[in-house]
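Structure first, then comments.
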Amino acid sequence: MKILADENMPYVQELFGDLGTIETVNGRELTPEQVKDADVLLVRSVTQVNGSLLSLNNKLKFVGSATIGTDHIDTDYLASRDIPFSNAPGCNATAVGEFAFIAMLELANRFGGKLKDKTVGIVGAGNTGSAVAKCLQAYGVTVLLHDPVIQDSDPRDFISLDELIARCDVISLHVPIIKTGEHKTWYLFDETRLNSLKPGTWLLNCCRGEVIDNRALIKVKQQRPDIKLVLDVWEGEPNPMHELIPLVELATPHIAGYSLEGKARGTYMLYQKLMQVLGRDADKSMTTLLPSLWSVQLDIESIPNEKSLLKLARFIYDLRDDDELFRKTILDDSSKNDQVNCVNNNGFDLMRKNHQHRREFRALRLVNTGHSDVNWLTNLGFSGVGQ
């Protein structure tokens, strides 16, 4: 059996190696010729899987995408050919949640005020949005939710988008791309909606770039520097509008979900599904793939100080490093080369390929040397919190 896998998917050899021959490929440049002999195709969001890509293949047994979203997959086409498909919903939700939480701590540290005193609105309350809410609520932050798709079947309280914008100091976006219909999210934040943001609003986008009209965002941000931006996703990836980048407070190349646990979880979920399709038992464990936990002793009485919490979070992941590298890679390189799109493309994807996957909070085992209540740190995700 021939297994064709994106070169940036981790643990493919460890999980799929005894099922057949593995060939890794550049997912963004995948061609029908490369796919024609594959029995299994494993992709990420950079690969458009459709009739054109699979036009030369008549033996495909399974397509798996190690992603939450499926907007890059023509699921109707796969169904018409009876090709089993699976994605990995929720695989990197914890990573995205912690990324957004850390970004908010960074903004609070940079611009003053406390995150705990703010009201945060989450647009899209699925796996990733709920993970953000979990972190914030563990820390004691007031959270409001907007999600018209699930509000009728979900017991949580929801409000309209207009009300959320009017009431919230921070807005974090976690919706899939929907191009048409009642729940359209393409340019959900257009120029009018961007101009309706409260003074001093923090706006974070960790879902899809086109949820915000980036050209309108440039115009609004130039007129309203009070708005603070965290962008992990960009319209037109892998070629972000380079004039937008200097206007953004924290900028990264679509790596919010890039934790080691999240990436491993995505690959492992596809392994489980393929074994089910093949009628075989999944006899491998994800826990054997990951490095051991770190242990840190500290007096947790000091952590309620927000700067101390940020310091602890930076021990796991210092977002400033990726922000600095992103600006250097995209802006510095493009200024030296007339072929901006080519440079941005290479730099953007190269950053994603070479990204050192951070660990999630659970990888850090805290040993409490004080005598304070530590349940909130457990709820935030840290391991082994106790005395």
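Placed from the backbone N, Cα and C atoms, the Cβ positions cover glycine too.
For the substrate site, Swiss-Prot records S45, Y258, and the single candidate of T24, T31, T67, T267 listed with them is T67. Within 10 Å of the Cβ of H254 (active site, proton donor) there are 23 other Cβ atoms, across all protein chains.
What surrounds the substrate site, by Cβ distance within 8 Å of the Cβ centroid and not counting S45, T67, Y258, is the set R44, A66, I68, G69, N92, H254, G257, G266 from the same chain. Counted over all residue pairs in D147, D232, G257, the record's binders of NAD(+), the longest Cα to Cα distance measures 21 angstrom. For G257 (NAD(+) binding site), the number of other Cβ atoms no farther than 10 Å from its own Cβ, over all displayed protein chains, is 24. Counting only the Cα atoms, the space from G257 (NAD(+) binding site) to R208 (active site) is about 12 angstrom.
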